[in-house]
Amino acid sequence: MESINISMSNSAPGADPSPAPHPAMSIDKLFPALLECFGIILCGYAAGRANIITSTQAKGLGNFVSRFALPALLFKNMVLLDFGNVIWPFLWSILVAKLSVFFIVCVLTLLVTSKDTRFSKAGLFSIFATQSNDFALGYPIVEALYRNTHPEYLQYIYLVAPVSLMVLNPIGFAFCEVQKRRGEHVQHQSKLYVVGVVLLQVLRNPIVFMVVVGIASHFLLGQKIPPFMEEFVDGLANSFGGAALFYLGLTMVGQLRKLTKSTVVALILLITAKLLMMPLICRGMVEVLDSGNISSLNHSSLSNYAFLYGVFPTAPSVAIYAAHYNMELQVVTSGMVISTFLSAPIMYVSAWLLTIPWMDPKPLASALQNISFNISIVSLFALVWCVAVKIMSKKFCRLPHMFTVNLFVAQLGVCIGMIAWNFVVVKDNFIGQVFTFTLLYGSLYSTYIWPGKTHASTVLVRGVLYLVKAINMGTCKMENVTFENMIFAGQCGRCCDSSHCLLVEEEEKWQSADKQIARHVLLCLLLTVSLLANLSSCLWWLLSSVPGRLYLELQFFCAVLNFGQGFISFGIFGLDKHLIILPFKKRQAFGQEAAIQSDVSEEIRLTCNQFLKYHKEQCVQDIVHKKRCGKRSIAETFLGSEMVQWLQTVGLASDQGEALLYGSRLLEGGVIHHITHNYGFLDDTLHYRFTENMANH
């Protein structure tokens, strides 16, 4: 392999290698910490996605985390903090870096956005780029990396985060308040009023309040929590970790649906500022402002720590600020989700790269080979799953899925080639090495070609869809005229079990017509990043006779991208909605449609009685429509998504989760049913009907 040969050639022959100093971070503890954090996040996401915990119920958990657990954690650590071990230049470096990023994002936003939303966007986007999820996600990562080598690094989390809340966030709030005044055309309020409102918001924040109380108690109590309240504070503080990560997963449910084409550019720029510009500036500021540090090793360790700190994703509280000011909620919530999941591989790769200067070339080559081999094995299984999904969903013969399947096959060739190379390279078999090399690099270069074809096909499909839509719009207007004048022989029966039911065919068309254009575009963009990284690697080697260790870092990054393409493909296409998710929710009814079943719970019985008595008539008027289901028959139906929206509009449900629970109770109580009795109540384009013998209830 080129990368391995290059890495092994960097050591000068005959040189006397000096013993490498011990690395400042425990990289072996990083993966378990990431698995713990993101495993709990995924559990929270699964609970929210399965509607086990609704968004309204999740707010209660969020209030506990932000108003009780986190303030107690901050109070405890402020009291026990040892200010004597603080390297203050490092602290100022992080604050200056945050202020610099805040200023850059703010100025650029003011320059490129319109006057109507200029100040509010500048305030929110600047907070987004600088407020990190320090406590829920950052602290466990820092503890795993530095607990055995530099345990004093953990205290910087408690120093940087509150100061950021008290210094940078008020500036952003001031911009939002100015925009709010302009939108409301309020002229009599002075600037002093705006300052007062912002200061009141800051002081009302329990995090800021408990930091101030904790610092005061630090000096009053002699750096020790009194025994009578120690257990109480510990109980609240220890409950923060798992609850905060679980709540973070709950907040991610449904956020990517809010993403639109108009917000993609702003989202990409914000994530770049948060996950790329912030860590680089943090490390650069430490190199400049902490240059007088006595220990060069500690100085290098601090700069690496600053880089990792900058990679921490955006905190969920930024979404609360966006909702409060009703501004750019789609960008902030989607950005919070994407930055959280992107931060995991970035932190893992960054930690490995930061340990490279302490590694000899031979161990580096072995580590690069092992990582490529391990990633290829896992990626292989992910790609086999993706190909199976495409085949079982019968999308492999349609554009643009046809090109995507070919891309998956090429990625499979890359993984198989890398796995085979791990065994062939140690054997003196020239033919086997040539064959394996051809398979590996032939497949790898194919993965650079297929995304271009996929993108071209998505453009073609989009054009065809627009054309078909325009034709259908004209056809539908003619169909409405004939539909109104048609004489129907009667209504459809209680169960649409006919193979020619138009409504069933319509549902099947909705399920099979999912072109997933946005997913294909996202896949092309991510693979383009991989292509650019490999192109940079080739140009670097071409233009420099002695690439150096930075080139090795780039080679490591390229290896992760090349052999980890299966993770990207699985994340985008691995869970097909209509093939995997909906069948798990699908259920067969027993055909009993009594008014309210005798075996249902009392809660379902009360819900059905309330709906039938007070809300059914209005619901029928608002969302039930007559639709043709046969050649000479009609059915009065409504969509599940329409019912979910109606329940929220009339106040029977406060959010989507509660609306799904309410609709499920109506279905279990026999008030409504799916036209074929094959599905439970879902927020989807599925047809439902009111049970016929409920009409005169």
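Glycine residues also receive a Cβ, built from the backbone N, Cα and C atoms like all the rest.
Annotation comment: TrEMBL describes 1-12 as compositional bias 'Polar residues'. Look at TrEMBL and you will find 633-692 tagged as domain 'DEP'. Positions annotated as region 'Disordered' by TrEMBL: 1-20. Per TrEMBL, transmembrane segment is recorded for 60-80, 86-112, 124-141, 153-171, 192-216, 265-286, 306-324, 336-359, 371-391, 403-424, 430-450, 554-575 (among others).
Residues 1, 352, 401, 404-405, 408-409, 411-412, 414-416, 418-419, 422, 556, 559-560, 562-567, 569-570, 573-574, 576, 579-580 of the same chain lie 6 or more positions beyond the ends of the transmembrane segment (371-391) yet place their CB under 8 Å from a CB of it. The average pLDDT the prediction assigns to the domain 'DEP' (633-692) is 85. Below 8 A, the CB atoms of the transmembrane segment (86-112) and the transmembrane segment (265-286) form 3+ pairs separated by six or more positions in the chain.
For the transmembrane segment (60-80), the neighbouring stretch richest in Cβ pairs under 8 Å, chosen from 192-216, 265-286, 306-324, 403-424, is 192-216. Tallying C-beta pairs under 8 angstroms between the transmembrane segment (124-141) and each of 192-216, 265-286, 306-324 places 306-324 first.
Look at the domain 'DEP' (633-692): DSSP puts its residues at 24 helix, 15 strand, 21 coil.
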